[in-house]
Amino acid sequence: MERVSGLLSWTLSRFLWLSGLSEPGAARQPRIMEEKALEVYDLIRTIRDPEKPNTLEELEVVTESCVEVQEINEDDYLVIIRFTPTVPHCSLATLIGLCLRVKLQRCLPFKHKLEIYISEGTHSTEEDINKQINDKERVAAAMENPNLREIVEQCVLEPD
């Protein structure tokens, strides 16, 4: 019986080691990513919709599950947002994506790469909009437009 117990213990520890689960910090990593995802969500949930008096959270444009954070290396993270416009023909989906990007670029306290997408199948021109909101030059050009910049600033303004 003692041999079986020893063999079982060795097999289990070997399995954990091979799967990477016994490395120091490996059990912590999913929790850290979850905490970072909640941190991101807390920043974006209060963004105001450009045409309604509601937040993106209230309209369910963003939810906790739409935020994913992956570790690139020890100090850098990939933040992926998949938001859902209220209607498939939403004319302001690009502006919402711009607001998400601006808010996170300004407020995230850790180094990150940001990817923002419209949830698959939720907008009639999602592919085009995804390209626009992930193109640094287009984002910079949009923020140079004083009218657009003013709208974005109003949307990302923190509530009192």
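From the backbone N, Cα and C atoms, a Cβ is placed for every residue, glycine too.
Taken from Swiss-Prot, the feature Zn(2+) 1 binding site applies to H89, H123, E150, E153, supported by similarity to another entry. DSSP assigns E150 (Zn(2+) 1 binding site) to a helix. Here E150 (Zn(2+) 1 binding site) comes close to no residue that lies at least six apart in sequence on the same chain with a C-beta under 8 angstroms from its C-beta.
Following the DSSP three-state reduction, the secondary structure of H89 (Zn(2+) 1 binding site) is coil. A 10 Å cutoff on Cβ-Cβ distances gives H89 (Zn(2+) 1 binding site) a total of 9 other Cβ atoms nearby, all chains included. According to Swiss-Prot, the Zn(2+) 2 binding site annotation covers H89, H123, E150, E153.
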